[in-house]
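The next block holds one structure in the form of structure tokens; read it before the comments.
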Protein chains: 2
Amino acid sequence: MDSAPPITNSVAAKIPKDWLLPTSLTSQYTETSTISVLDSVEVVTAFCKRAAIAQQCVSCLTETMFDSALARAAECDAYLAREGKPIGPLHGLPISLKDSFNVKGVQATIGYVSFIAHPPAPANSAVVDILLQQGAVLYVKTNLPQAMMTADSHNNIFGRTLNPLRLDRTAGGSTGGEAALLAMKGSVLGVSTDIAGSNRIPALCCGIKSIKPTASRVPFAGGVPVGRLGSPSAILPVIGPCGRSVRDFQLFLKSVVGKRAWGVDADALNVPWRGISPFSRPLRFGLLRGCKERPLHPPIARGMHHTATKLKEVGHTIVLLDDKVPDLYQSALLAWKFFLLDPNRTPLKHIQASCEPVVPSLPTCSFPELAEWKPNLDELWNINVQRAEMVKAWKDNMVQENLDAVLMPGYQAPAPKHDTYGVPIYTVVPNLINYPACILSTGFAEKEEDGTFLKDVKYEPAYEPDEVEGLPCHVQILGKPMEDEELLQIMKVVEETLGKK
Amino acid sequence: MDSAPPITNSVAAKIPKDWLLPTSLTSQYTETSTISVLDSVEVVTAFCKRAAIAQQCVSCLTETMFDSALARAAECDAYLAREGKPIGPLHGLPISLKDSFNVKGVQATIGYVSFIAHPPAPANSAVVDILLQQGAVLYVKTNLPQAMMTADSHNNIFGRTLNPLRLDRTAGGSTGGEAALLAMKGSVLGVSTDIAGSNRIPALCCGIKSIKPTASRVPFAGGVPVGRLGSPSAILPVIGPCGRSVRDFQLFLKSVVGKRAWGVDADALNVPWRGISPFSRPLRFGLLRGCKERPLHPPIARGMHHTATKLKEVGHTIVLLDDKVPDLYQSALLAWKFFLLDPNRTPLKHIQASCEPVVPSLPTCSFPELAEWKPNLDELWNINVQRAEMVKAWKDNMVQENLDAVLMPGYQAPAPKHDTYGVPIYTVVPNLINYPACILSTGFAEKEEDGTFLKDVKYEPAYEPDEVEGLPCHVQILGKPMEDEELLQIMKVVEETLGKK
């Protein structure tokens, strides 16, 4: 044994020659050295480089803050060295932001050409303030659609974000830049917004994870308004994380909700984050298998079926909800009326102000049924009543069936071609009823296995098995309102059951 | 010592002869008897009798449920005897309800003559369901104003509720029947609603206590709507308890919020009640001494001053907020616009449907400035922006000054004469900003001592020292949103400091 070479040398010998670090560096890595090989500057440098690569491949960024990020990382390292403790739970971690968040001194056009004339942001968004207090390093802002109201992150300033998994597919929207960056490993945690699916659509298109919490838990104040302020809509925009680990979502949410959120945003709920234990009991899941207007494509149907089957196998209960909750298509139609409540049509004015063209996906993301619908105060009272009935029906189901969560699709298909996503029926319903909702991967489209789930229905967009082969499939999971804590634990249960963790 | 008579006999000797219970009863009260002298039937009988007396003095009731209450009490007693445990924390306790709550099988006209034709309620209000689950006994419903929008509990079905402390004074509204009943000791705990002060105005008029929690903590569903359903107003109606003990408010709120609330009302917040410890640290109170449009009458000014002084004396901090928060009169004016958002003016239609006359106080409870104001969708966006600015300004003050609570008046005067209360400037502001708020007594009007606080201003209504002599004075205390738990503890601190407990 004495003659055997040290194990480390054996490992080193297996590293390809052109991957070796220069000896000028490795000679410093000794048992007696006080240097850190994993400080914030190195981590942030790596993520800045990777984000730059991602940008060159899939056009996912809007603003880059590499210099200030590296300066901030150096400050974090200095603080840790000086104080012997981190700034906060997010100490030194690079976090990416959708372009709609304000970072003091940085441009925030959100893809409106007319906003190029705006001065850089005079102050941080509320959530940005908290992230910085907690030690985070902000290094990039990411791309989004014109008017933030389509599933294609495409605008006339920053162009179109491509899906890293297949470039002719949408990366989703409105937080498509984040999802593409995450899928490119250019970020571990991104901050997105969601009013109809913007946090979840990109996640399901790019095969990452995301969670849209209950509204007003993460402070929304101080972002760049895409439209008019003062909306009387019952559907509130929500901030949520997207990334690759449920633990990261827990860390993010624990760091930014409660008293901290209310302290920077009077509209945020002053409700503490609850530390809860993982579930040890069997769970009860509702199951919704879509609506007739947008039947599930075979790979999505198979992924849902697989998820429900696996959960049942390990002892959880599945309750079919298909005909019990309010019609999903009609619910989405109602939600859309809330989005049309501005008599001034402010987002359109922001577009027209520069004479820029409308992006191709914008007209595809609307309901023909509402072409003639005009908002007025009387109608607002009426749609509030309709919404209240739907919200009650959902709650009654959750209570009567004693459900912990509901499994449903987030979209009927894997990532579709650019400009063909259409209206986001399945993601907007949780916004309408204000239930927390998340996206998890269930596997990948596989033509042969998916074939069993083929039905004689009209798929929209068209189902082209060869074109989606290998693209990620997903399940959307809804938790109960204000039980974001429980939903994260449920995500872990589902992931473990699917063997994804 | 042996020759001394037993202490109990000595006590008995001091009871006036005509107060003595008949020996047919007292002979049963022995050490070996298994009977209870304090069962629910006896308690409920006592409160039913006392409520009947109160009704004959001050017209505070609408519906009486004496028979069903006694039957329910007997059930409670039987349950306890059979099961050896109470039904819940409210086991066998009589609780009174404002007329606007639905109790299955009982009429609920809320004072609209046109509602007399309605059948008895087909189901319970959500909060009534919870109260029954927790063991409560419901025995009376109490009077309120026509359209529930004045401070005089007066309508054309049940007449006018008088203030037990001085009959020519208002008992307040809209929960005036409750407050009069409580002041008459005909109830220990009443359930009221509040959108502009309806839980607090009667409390301050009748010298009792009340708390309006943060909106949506107590489930509001299933009551009798005073107007149209589906309101897009940012100001939500709130249910809160009124009574004589902060401990009772704690018991009530702990029993009806959280998962239990959401289970019966999809619009209730699914946020658990937090068990918190009493404060042992010094507190920081903001102090608001009214607005120039409604200067504080001397007895109220003295009570406020006394409260602040006493709190300072025992080590708490008082921070003057007079010029720091948004103008109170302008805030109330803005709140009123939210109350005028129904283009159909539904409450007026309910009045007109029977050709009943409008009660005299209704025209006194409006702003002349808004006589010509008409609601529309565009204006709703605008007033939402104005409200958001006010809410932000309040929050910024609370955070920057690190305040635990704010002391302010609930009204400028002790209970005024009938039909002279006017617009409730001071109580509506906490509704506009959705802060929990409560009423505590500070003492009584005393002409000589109050004189020091007399100013050369125009009091509205007129300050008539001899007419208010001996009437209760109050302070309103605001807590932070969602910190209802803390506000209850702060109430205890203030009560103890004032020597009222």
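Backbone N, Cα and C define each Cβ position, glycine as well.
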Can you pick which of B:Ser125, B:Ser174, B:Ser216 TrEMBL lists for the same substrate site as B:Met148, B:Ile195, B:Ala196, B:Gly197, B:Ser198?
B:Ser174
Long-range same-chain neighbours of B:Ser198 (active site, acyl-ester intermediate), Cβ under 8 Å, sequence gap at least 6?
B:Met148, B:Gly173, B:Ser174, B:Thr175, B:Ser192
So B:Met148 (substrate binding site), by the Cβ count within 10 Å over all chains shown, scores 26
Would you mind listing, in sequence order, the residues at least six apart from B:Ile195 (substrate binding site) in the same chain with a Cβ closer than 8 Å to its Cβ?
B:Ile235, B:Leu236, B:Pro237, B:Val238, B:Phe339, B:Asn431
Going by DSSP, give the three-state secondary structure for B:Met148 (substrate binding site).
helix
List the residues in the vicinity of the substrate site, defined as same-chain residues other than B:Met148, B:Ser174, B:Ile195, B:Ala196, B:Gly197, B:Ser198 with C-beta within 8 angstroms of the site's C-beta centre.
B:Met149, B:Gly173, B:Thr175, B:Thr193, B:Asp194, B:Asn199, B:Ile201, B:Pro237, B:Pro424
Extent of the substrate binding site in Å [max Cα distance among B:Met148, B:Ser174, B:Ile195, B:Ala196, B:Gly197, B:Ser198]:
11
Surrounding CB atoms that lie within 10 Å of the CB of B:Ala196 (substrate binding site), all protein chains
30
Give, as a single whole number between 0 and 100, the mean pLDDT over the domain 'Amidase' (B:42-488).
97
For B:Lys98 (active site, charge relay system), what is the secondary structure by DSSP, using just helix, strand and coil?
strand
Are there any residues at least 6 positions away along the chain from B:Lys98 (active site, charge relay system) with a Cβ closer than 8 Å to its Cβ? List them or say none.
B:Lys141, B:Thr142, B:Leu144, B:Ser174, B:Thr175, B:Gly177, B:Glu178, B:Gly190, B:Val191, B:Ser192, B:Thr193
